[in-house]
Amino acid sequence: MKSSESLKNSDAVEYEGGTYDVIVVGAGHAGSEAALAAARMGNKTLLITISLEMIAFMPCNPSVGGPAKGIVVREIDALGGEMGHNIDKTYIQMRMLNTGKGPAVRALRAQADKHAYHRQMKLTMEREPNLTLRQATVDQLIVEDGVCKGVITNTGARYHSKTVVLTVGTAARGKIIIGELQYQSGPNNAKSAVKLSENLEQLGFDLERFKTGTPPRVNGNTINFDETEEQPGDVQPHHFSFDTPDSKYIAVSDQLACWLTYTNPTTHGIIRANLNRAPMFSGVIKGVGPRYCPSIEDKIVRFADKSRHQVFLEPEGRDTDEYYLDGVSTSMPEEVQQKIVHSIKGLEKASLMRPGYAIEYDVVAPYQLHPTLETKIIKNLYTAGQTNGSSGYEEAAGQGIIAGINAGLRAQSKKPFVLSRSDAYIGVMIDDLVTKGTKEPYRLLTSRAEYRLILRHDNADFRLMEKGHAIGLVSDARVAKMEAKKKQVADEISRLKAIKFKPSDDQVNDFIESHGDNRLKDAVSAADFIKRPYVDYQTLLRFIPAPAEKLDRHVIEQVEIQLKYAGYIKKEEQKVERMKRMEAKRIPDDIDYEDIDGLATEGRQKLEKIRPETLARASRISGVNPADLAILSVYIRQGKFSKKDHEK
Amino acid sequence: MANSENDTIAAISTPVGEGGISIIRISGDDAIPVAQKIYKGKNLAKVPTHTINYGHIIDPDTKEEVDEVMVSVMRAPKTYTCEDVVEINCHGGLLATNRILQLVLSYGARMAEPGEFTKRAFLNGRIDLSQSEAVMDLIRAKTDKSMKVALNQLDGDLSRLIRHLRKDILNVLAQVEVNIDYPEYDAVEEMTTKMLKEKAVDIQQRIQALLKTAKQGKVLREGLATAIIGRPNVGKSSLLNSLLHEDKAIVTNVAGTTRDVIEEYVNVNGVPLKLIDTAGIRHTEDTVEKIGVERSKKALDAADLVLLLIDSSAPLTAEDRELLTATKDKKRIVILNKTDLPQKVDLAELKRLIGGAPLVETSIVKHEGMDQLGQKISHMFFNEGIESGQNTVMVTNARHIGLLHQANDALNDVLKGINDGMPVDLVQIDMTRCWDLLGEITGDSYQDELLDQLFSQFCLGK
């Protein structure tokens, strides 16, 4: 009795902790970007985290990038964020995916040294002059008259600020589930934050319960790699940040490989025999999990006819032999997890270091947010990352930088910053979240972007650097470099447009015929000639003089893309133009949907719930039909608002 | 999928079937370029504003002349909508009006929503607040109805075919997306442009077949196949001549048909009729052939509508009874002709034999009863045959056809992209457009459809 009494909790005495411009709560991938952005904009910023060891930690797979996500990393970099630099300093393998496809869907992915990644980000933040790091758990927000004015921590500190950003991730009333075992916990057994969720509920937020999970880790010294296939990195240099030169690229021989193996009918038999112990199916897990990141038990049940599933063995870093078993995310009991692992080829003797687990956590239903990521209920309060229902480090970081920027801008009484769907994947993601909401942890996919040919990884600098510069996150020198590149591209394109290939040119015609095509009948410009499938920039140089100034491969890539795919790009730009006109039609903040006759009930309810800022956003809400939009636009035009305002 | 506010819209702006002239109104930034694409005459881009220009509407695909027209060009802002407006005044009649509308829709305009011209006029500041209340009412009233009509009108078979098409396209799209978003996923075949081409060709063939056979479209494009039957000397030839004479709009002999089976087009109260075997009618009437009845029966097979003539001045014959029996499952109008002569037919028996089919009494030689016949035909077509409401019926049909044409064009772009060596994910842009356009026909535009398909079809994720 006595010993348990000595373990009883007691509360700290409150004290004044200080005053800041911006406070960021949580130091995962969203919190890190938010804090750095706010601080670099000149705001006195405080970052509070439950554990300093969890800064930019990767509790799930040790990798950054991939389709859509890789483009987000480039966008963060172009805006002046840190993720690109941080992974370029700490990767152990780099690969460009989808190289056989078009330029819009190529995607860079790195395997990260997860501990180095964490240490590097922590160091960067420690060295940021305007940024203070503090280990504590935030229990409560200080809210006066619907405006957030600071936070109170479990250590009793009352911190005051102009704005607050919440990026609390799976710590929000987190609960880990492994078979029959359940306990309160944040990611990777870090502390969970319970009181903050209760506080948010009291403040009137609608919280939802989501679920995610992670696979077991094993000791690499006990893996029989001979039974698996090696997956090496790329020879050709690539980095995430536009600043990292090719010369920094780690030779592929010095990179660490991943390894591929498979589950088999024995594995599936073990899982089926133990489904009654799987929290996913026994009803223990109530949170909604992501479809695109299913647990192995989910895969076996939903795709019963598949005889094997891929398992990628990913090294977690250079200073560890721990391996991440990508493909077997599970919340089965530890005992069953061991059997599953041992049934897989190459893992027969693998020593389990950590069991996989499912984790349930609270999410602020994102319809409660503005596109700036400020909450609608509490002014000057922003949320980002898993707190908003997303999943993935890159998605979190992308929201984090936007929330940090807007919290920083508000602290400086400046206009907010919003990226549109045609500006960036980040814009697509935030618009999806705040307009459509999400029923499962939201992951970016290239198919979510309607203008993906414009939102490429190779042009993120052209798209966003100027914007980052205007906010104060991108240096003059960096923008000048980007402008110089842009000019080189434009100059070379004009040069190629001016050079003509004549039908009398036998050398060119012989080349054309060697590719089974017809000889030239009319003169054709080099800019048009490059559109042929068998021609690239280097081919052109066989027939025309090289440019006066030697062009680097990034410039040549832009020239090729802009010329070869000009027709498609133009079509997409026209679509963007049309959408922008609708984006310009704003819906007044104080609109009363009850006052509008003729809206369909479903449309009215959805509009009332989401309260879109523009007609374009209203049009993307499912359940709002074209007639509702027509009525809404006529109603707005009638100017009833101004009349009402006068009456007030 | 919501309609943009500033794109170019078009609709027939005159009540159909009334008056000799129909107007197709086009409004928006591209109104003049769209009209120019299908117009032979002056360069509309260069004519002064608020002028009326004589010319012809040409189908750019077939180079065929569709109609002789007057085209009004009115540039913004002094127009009804405050946008560029073009009005094509054509000779009227369902056939020509709808073909022109289809062309306009195929060449860049979209079908206007109910009340949309007025809505634009309002939004662009052309009309005032009190009028705007009326706009809202109009949108409210017309939308529900038109949505219902749009759904009801959609032929069950057509809708099923289009859903099948969309499903097949969706499978292709999902496969391409999986290749992109899960490049390392091994259980799905890489969708190559070669495979995509096969799929595109297959889907295009099906769309083209649909364009040819979709019943609504066929009626609008080719007219309602109509057989005039009856025993010799009952007045078939007179009826034919009377219909042809009455119709001022279009009388066309279709080239390429055999001498025996000539088809002629007439426009009766806005309904396009394709009269089957008019040569046969004349032939049999001329020679009083024995094979007249046999010949009539043949014409029946191809008919959507039967006009069966009975001689009022004679008792029913065995031939009459035979024809009444042969047409009992057809949509038919029974015409009791020669009412100027003393009635000898047993009307009670006739009424019993024709059941619920409409009966019209005429004296064709004296031009009596022709108006009633015209009304019966249009009533049957608009009110019974398809759905009530005039504008909506045809407009919606033209909309479907316009969308199918656009879907077909999107597939042409797919095939062009493949031939130009474009990568799969670019070619897919046009494939997605095709899918979206077909979705507009059936009203299925659930945005997350693709993702749902992705995750239900493939076991994805690590």
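Including glycine, each Cβ sits where the backbone N, Cα and C put it.
According to TrEMBL, the protein carries these features:
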type	residues	note
BINDING	B:R25, B:E87, B:R126, B:K462	(6S)-5-formyl-5,6,7,8-tetrahydrofolate binding site
BINDING	B:N233, B:T252, B:V254, B:T257	K(+) binding site
BINDING	B:233-238, B:252-258, B:277-280	GTP binding site
BINDING	B:S237, B:T258	Mg(2+) binding site
DOMAIN	B:223-382	domain 'TrmE-type G'
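Neighbour counts of Cβ atoms within 10 Å were compared across the binding-site residues B:N233, B:S237; the minimum falls on B:N233.
Note on the binding-site residues B:R25, B:K236: the fewest other CB atoms within 10 A surround the CB of B:R25. Recorded residues B:R25 ((6S)-5-formyl-5,6,7,8-tetrahydrofolate binding site) and B:S237 (Mg(2+) binding site) have their alpha carbons 39 Å apart, per Cα-Cα distance. Look at B:K236 (GTP binding site): DSSP puts it in a helix.
Of all Cβ atoms in the shown protein chains, 22 besides its own fall within 10 Å of the Cβ of B:E87 ((6S)-5-formyl-5,6,7,8-tetrahydrofolate binding site). Cα to Cα, B:N233 (K(+) binding site) and B:E87 ((6S)-5-formyl-5,6,7,8-tetrahydrofolate binding site) are separated by 46 Å.
Per-residue pLDDT, averaged along the domain 'TrmE-type G' (B:223-382), amounts to 74 for this model. Cα of B:S237 (Mg(2+) binding site) to Cα of B:E87 ((6S)-5-formyl-5,6,7,8-tetrahydrofolate binding site): a span of 39 Å. Cα of B:K236 (GTP binding site) to Cα of B:E87 ((6S)-5-formyl-5,6,7,8-tetrahydrofolate binding site): a distance of 39 Å.
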